[in-house]
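Over in TrEMBL, the protein carries these features:
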type: DOMAIN; residues: 1-59; note: domain 'Cadherin'
type: DOMAIN; residues: 60-165; note: domain 'Cadherin'
type: DOMAIN; residues: 180-278; note: domain 'Cadherin'
type: DOMAIN; residues: 279-386; note: domain 'Cadherin'
type: DOMAIN; residues: 387-491; note: domain 'Cadherin'
type: DOMAIN; residues: 492-601; note: domain 'Cadherin'
type: DOMAIN; residues: 616-719; note: domain 'Cadherin'
type: TRANSMEM; residues: 728-751; note: transmembrane segment
Amino acid sequence: MFKLNPENGEIRVKEMVNYEDFKLYEMEVIASDKGLNSLSGHCNLTIQVTDMNDNHPEISIKSFKSPIKENEPLNTVIAVVSVSDKDSGDNGIVDLSIPKNMPFKLRESSDNYYELVVSEPLDREKIEKEFLFHIEARDSGSPPLSSNVTVHIIIVDQNDNAPVIVSPWRAHGSVVEEKIPRSTDKGSLVAKVIALDTDSVHNSRITYQFLQVTDATLFSLDQYNGEIRTMRMFSYRDPRHQRLVVVAKDNGQPALSATVTINIIVRVLDVNDNAPSFDKDKYFVNVMENSPIGSLVVKLNATDLDEGSNSDVVYSYSLYTSERTQNMFKLNPENGEIRVKEMVNYEDFKLYEMEVIASDKGLNSLSGHCNLTIQVTDMNDNHPEISIKSFKSPIKENEPIDTVIAVVSVSDKDSGDNGIVDLNIPKNMPFKLRESSDNYYELVVSEPLDREKVPEYDITFTVTDRGSPPLSDNETMTLELLDVNDNVPQFPQSFYTIRVMENNAPGALLSSLTAFDPDLHENQYLVYFIIEKEIANTSMSMLFSINPENGNLYALKTFDYEIEKEFLFHIEARDSGSPPLSSNVTVHIIIVDQNDNAPVIVSPWRAHGSVVEEKIPRSTDKGSLVAKVIALDTDSVHNSRITYQFLQVTDATLFSLDQYNGEIRTMRMFSYRDPRHQRLVVVAKDNGQPALSATVTIKLSTVETAVKAYSDMTEMPLEYDIFSDLNLYLVIGLGSVSFLLLITILVTIVLKCQKPKPSKTAAPCRNSVISERNSTIADSTLVSNDAYWYSLFLAETRKGKLVVRQPMPKGSRYIVSSIPRGTGLTDTSDSAASTLQVSISTHFSYCLLTV
C-alpha cells in the first residue's frame with residue numbers, strides 16, 4: 001500500500017488508499033548503517049486515513065405496496081425505505097426527501113429506516129389517479145452527494161360515488177311531470193332517464209329499471225340507455241295519470257343507486273279553437289339608454305287554452321313595427337323576450353312603438369297581438385361642451401374692474417338635470433363669470449391685476465352637469481398681462497454705509513448700488529444719477545461717479561482721512577417708462593484711516609535733523625525729570641497712539657523713559673565716573689500696522705551746581721536771559737569777564753530804578769524747573785508752597801544770567817505754568833520751546849550774580 005525509499009526514508013502511496021477498506025496502518029521502520037558491523041535503529045509509524053466524501057448514499061426499498069385503494073386511511077404505510085453511506089462523519093449523514101405537494105410523507109421508523117405513509121385523504125375523483133416520483137437520499141458532505149429511487153403509486157378506484165340523475169331535471173326530491181297525447185302510438189318515446197357516475201369505468205356503468213309502475217303493460221324501460229317507451233296504445237280504460245319510479249344503479253360492489261319519479265299525464269286530443277292571449281293589450285316599459293346589448297327589456301307572455309301544439313305560442317313583430325325598431329330590439333319567438341339588439345341612445349330616439357303578434361302552432365294557426373311602447377330613459381352619458389366665442393389676450397395690467405376678457409358658451413345634449421350645466425373657473429383668481437344670456441357667460445376682471453405678482457394666468461373653464469354621477473369638461477386659456485410702469489425702482493437698502501480706505505486709487509470701485517424694478521422692458525431699464533450737492537464748494541460729481549447703467553459707484557480722486565473723513569449724498573434710480581418713476585437712496589461714505597502719517601516730535605523742538613542739547617546739574621537727584629518727549633500723530637485715534645522707547649543711550653543705568661508720556665528721568669545720581677556728555681536717542685512709534693516712527697537725539701551735558709543768590713522780586717514776572725553754553729565762557733577767557741561784569745552792573749541799576757512792564761509777548765526760551773526737592777516739572781501747571789531754582793537759557797542772545805531767589809515763607813503760594821509752543825515767537829527765534837511765566841504770590845528780594 002505504501003512504498004519506502006531506502007535511500008532517503010520517504011514513504012509514498014503505492015496503491016489507492018480507501019478509507020472504507022482500512023482506516024489505520026501501522027508499521028515499524030528500521031534504519032541500518034553500512035558499517036562492517038552494521039548497526040540499526042527503528043521507529044513505529046501509524047498512518048491514519050482521512051475520509052473523503054467519495055461514496056454516494058445508497059437507498060433501498062425494503063417493502064412497497066401498490067396499487068392502493070383510494071380510501072386508504074391516513075398513516076397507512078406504503079413503502080419501507082433504508083439508506084446508508086459508507087463515508088464517515090458529516091459525509092455519512094444522510095437525509096431522505098420526496099417532492100412537495102404530495103399526499104404522502106416520510107416518517108423515520110428506526111436508524112436509517114423510513115416509512116412512506118399516506119398524509120392526506122386519497123380521492124381518485126379529485127386527485128391524480130397515479131403518482132410517479134423520486135425518493136432522494138442526500139448526504140451532508142461538501143459538496144453533497146445524492147442518489148434516488150423511483151416510486152410509482154397507483155390509486156385504485158372504490159365505488160364511493162352514487163349515480164346522479166341529470167335528466168329529466170327536477171328540483172331536489174321533486175316529481176317530474178310529462179304530458180303525452182292519448183293518441184300516442186306504440187313505441188313512442190315518453191321520457192329518457194340519464195344518470196352519471198364519477199367513479200371509474202367499471203363502477204360507473206349504469207343500468208335502469210322500474211322500481212314502481214302503474215301499468216307494467218303500458219311502458220317499457222331500456223336498462224342501458226334509460227329510454228321509456230309505450231308498449232301499446234292507450235285505451236279509454238287506462239287511467240289518465242300514470243306513475244313511474246325509475247332506479248339507476250351503478251356496477252360497484254355493493255352497487256349504489258339513484259331514483260326518479262315521473263308522473264305521466266295522458267291528454268285527450270285537442271281542437272285548436274283558442275287564440276293566444278297576452279296578459280295586457282298595451283305595455284309601457286322603460287329602457288335605460290346605453291343598456292348593454294342582450295339586456296332584457298321585457299318578457300311578453302301570451303297563453304293558449306288549447307293543448308299540445310295548439311297551445312305552443314310563437315312571437316313575432318307585426319308589419320306595423322318599423323324596421324328601425326326591429327333592428328334596435330330583438331324578439332325571441334319562443335318565449336316572448338325582447339332584448340336590446342343595438343346600442344340605445346336617448347339623443348337619437350326617445351320613444352319606440354311596436355306591435356307584437358303571438359301565434360299558436362295549430363294546423364289552422366290562431367294569433368293575438370299587443371302594443372308595446374318603450375320609453376328610453378336618459379343617462380348622463382354626454383359630457384357638457386364648452387366653446388370659447390371670444391378671448392382677449394394679452395391685456396394691460398391696469399385694466400379696470402368688469403372689463404370683459406372672454407365670452408364662453410356651454411351646452412349638454414342630455415335632458416333634465418343631466419342637461420343642466422354649471423360653469424366655473426378656479427378660485428383665488430382676480431376674475432369672475434357673469435351670465436350674459438342663456439348658456440352664455442362673460443369672463444370679467446373682478447380684482448385689480450398686477451403683472452409683477454402674476455405675469456400670466458392659465459384660466460381653466462370647467463363645465464359640469466348635474467347628472468349622477470356628474471360629467472364635466474374643461475378648456476384652458478392662457479391670459480397674458482402687459483406691463484404698465486406702475487412700480488418705482490427699489491433699492492435693497494434705504495441707507496448705504498460704504499467704507500473707503502484713504503489713499504485709494506482714482507477710479508476705484510466703491511460699491512454697486514443696484515436697484516430693482518419689477519416692471520418689464522423699458523419700464524425696467526434703470527438709469528442712475530448722483531443728486532448734486534456741494535461740500536466746501538466742491539460738487540459731489542467731482543468726487544464720485546456712478547455708472548448710469550449698472551449703478552457702480554466710483555471714486556474720482558484719492559481721499560485723505562486727515563482732510564476728509566466722510567461724505568453724505570443721495571443716489572437716484574430712474575426707470576425709462578412713460579412717465580418715468582424714480583427713487584433715491586442715501587449714501588454715507590466713510591473714509592477709513594490708514595497709518596500714513598508718521599509721528600512728529602514737537603517737544604523738545606529742534607531744527608530738522610538737529611540734535612537737542614540739554615544741560616543738567618551733576619547734583620540732580622534720582623527720579624528727576626531730565627526732559628519730556630512729546631510726539632503728535634494726525635492719523636485716527638487708533639493709529640495715533642504713541643509709545644516711546646530708547647533707541648540708543650550712552651548709559652542705560654542712568655536714565656529711564658516712560659513709554660506712554662515720554663518723560664526721561666534719572667535712575668540714580670551722577671557719579672564722578674559718569675561721562676559729562678550723555679547721548680539719548682528716543683524713538684516715538686505710533687500704533688499702526690505697520691508702525692511709523694520718529695526719532696530725536698538729545699545731548700545731555702552735566703554742569704556744576706550754580707551759587708545761590710537772593711534778591712527781592714515784585715509780583716510781576718521777570719524775564720532774564722541766561723547763557724546756554726557755559727563752556728563758551730571758558731574759551732573767551734578772562735578778558736570777557738570784565739566786559740560782562742560791567743554790563744551786568746548797568747542792568748542791575750536800571751532794574752532797581754524802574755519796574756519792568758509786563759511783556760505782551762513772552763520771549764521764546766527753553767525752561768528747566770528745578771526744585772529744592774530735586775524734582776523737575778515741564779509742560780505743566782501746578783500750585784505749590786515750595787521754592788524753586790529757575791535756570792533760564794536764552795537761545796538767541798548767547799548771554800547767561802542766573803537768578804537766585806530767596807526761599808518763600810512757609811504758606812506762600814505761586815503758580816508755575818508753561819505757555820504752548822508758538823505763542824509770541826519772534827522772527828529771529830530758533831527755538832520752539834515754551835515760555836515760562838512765574839506768578840509769585842508774595843514779594844521777595846533778589847540779587848543778580850554775573851558769571
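A Cβ is built for glycine as well, from the same backbone N, Cα and C atoms used for every other residue.
In terms of DSSP secondary structure, the domain 'Cadherin' (180-278) contains 0 helix, 45 strand, 54 coil. Mean predicted confidence for the domain 'Cadherin' (492-601): the pLDDT average there is 89. Across the domain 'Cadherin' (279-386), the DSSP tally of helix, strand and coil residues reads 10 helix, 48 strand, 50 coil. Summarised by DSSP class, the composition of the domain 'Cadherin' (1-59) is 0 helix, 26 strand, 33 coil.
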